[in-house]
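For reference, the structure is listed below as structure tokens.
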Amino acid sequence: MEIIILPDAAEVGRVAGAKIASIVAGRPQAVIGLATGSSPQGIYAELARRVQAGSLSFAEARGFALDEYVGIPADHPESYASVIAREVVAPLGFDPSRVRVPDGRAADLAAAAKEYDGAIAEAGGIDVQILGIGSNGHIGFNEPTSSFASRTRIKTLAPKTRQDNARFFDSPDQVPTHCMTQGLGTILEARELVLVAQGAGKADAVAAAVEGPLSAFVPGSALQLHEHATVIVDEAAASGLRLSDYYRYTYDNRPDWQRFE
Ligand code: GLP
């Protein structure tokens, strides 16, 4: 795992954006795993800046969202279908027909979840999966005790997650109780993982995921099983890490072939 500690949230977005850009520049048909929430917004801003400057294009790329709420209409402004359309597809210039979001409104949710994993496989798998992390250690909506072998499926949101996401809704009781999320097993099949976290509220989750024991209780610790995972955090989110001096030394002395900015 590569851990990159940067001074602030703006730098996290810039550097993580540069990493995604380098992958898409090398493979314009890349399949990107798309996260929602506040954490990846800086990445999308950096990518949109490059698209506007004409140095990057997502016209041939494909996208698969990580997760979706169950029980709110697709046109609800906070459905992840709406968020992905507004914050990713439009600003980055994706072809909307090449971007999918799990169908949280399907009559047969279990079948829709299975079909979603099949569609990812049919697209050739995900080249790079963008991830945030919840304050309780979840990735996607894989709440604590999610199996490392889990596939895309329905989950019940933890009370802490509903509380954290209440800021996006008019009132806390409007936050859906269920979701459909790529499983940890699905996420681990992506060829590369890039997780970003900002702020002191994520410090415990980042430390547990990166340096704690491998445990389904901390779903983010699944990254330790991946051969190509990069964790990009600001100082505040890094404040619980014990080996931060080593991570800084490693990044400062990285060989040229490892540079993507
Ligand atoms: C959300 C999403 C996750 C996200 C995480 C952190 O609810 N389902 O994909 O990474 O929780 O959210 P945020 O980035 O807003 O802190």
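Backbone N, Cα and C define each Cβ position, glycine as well.
DSSP assigns Asp67 (active site, proton acceptor) to a strand. In this view, Asp67 (active site, proton acceptor) is surrounded by 24 other Cβ atoms within 10 Å of its Cβ, with every protein chain counted. Annotation source TrEMBL lists active site, proton acceptor at Asp67 (among others).
In sequence order, Glu143, Pro144, Ala158, Lys160, Thr161, Ala205 make up the list of same-chain residues 6 or more apart from Asn136 (active site, for ring-opening step) whose Cβ falls under 8 Å from its Cβ. Here TrEMBL flags Asn136 (among others) as active site, for ring-opening step.
The annotation active site, proton acceptor is assigned in TrEMBL to His138 (among others). Its own atom aside, the Cβ of His138 (active site, proton acceptor) has 27 Cβ atoms within 10 angstroms in the protein chains shown.
The active site, for ring-opening step annotation in TrEMBL covers Glu143 (among others).
Per TrEMBL, the feature domain 'Glucosamine/galactosamine-6-phosphate isomerase' maps to 13-227.
Ser146 (site 'Part of the allosteric site') carries neither a helix nor a strand DSSP state and counts as coil. Around Ser146 (site 'Part of the allosteric site'), the C-beta neighbours below 8 angstroms that are at least 6 residues distant in the chain are His138, Lys155, Gly183, Leu184, Ala216, Pro219. Residues or ranges marked as site 'Part of the allosteric site' in TrEMBL: Ser146 (among others).
In sequence order, Ala110, Ala113, Met180, Thr181, Gly183 are the residues near Arg153 (site 'Part of the allosteric site'), counting only same-chain partners six or more apart with C-beta under 8 A. The site 'Part of the allosteric site' annotation in TrEMBL covers Arg153 (among others).
Under the three-state DSSP scheme, Lys155 (site 'Part of the allosteric site') falls in the strand class. The site 'Part of the allosteric site' annotation in TrEMBL covers Lys155 (among others).
Within the same chain, residues at least six positions away from Thr156 (site 'Part of the allosteric site') with a Cβ under 8 Å of its Cβ are Glu143, Thr177, His178. If you look up TrEMBL, you'll see Thr156 (among others) marked as site 'Part of the allosteric site'.
Among the recorded positions listed (Asp67, Asn136, Ser146, Lys155, Thr156), Asp67 have a CB atom closer than 6 Å to some atom of ligand 1, in sequence order.
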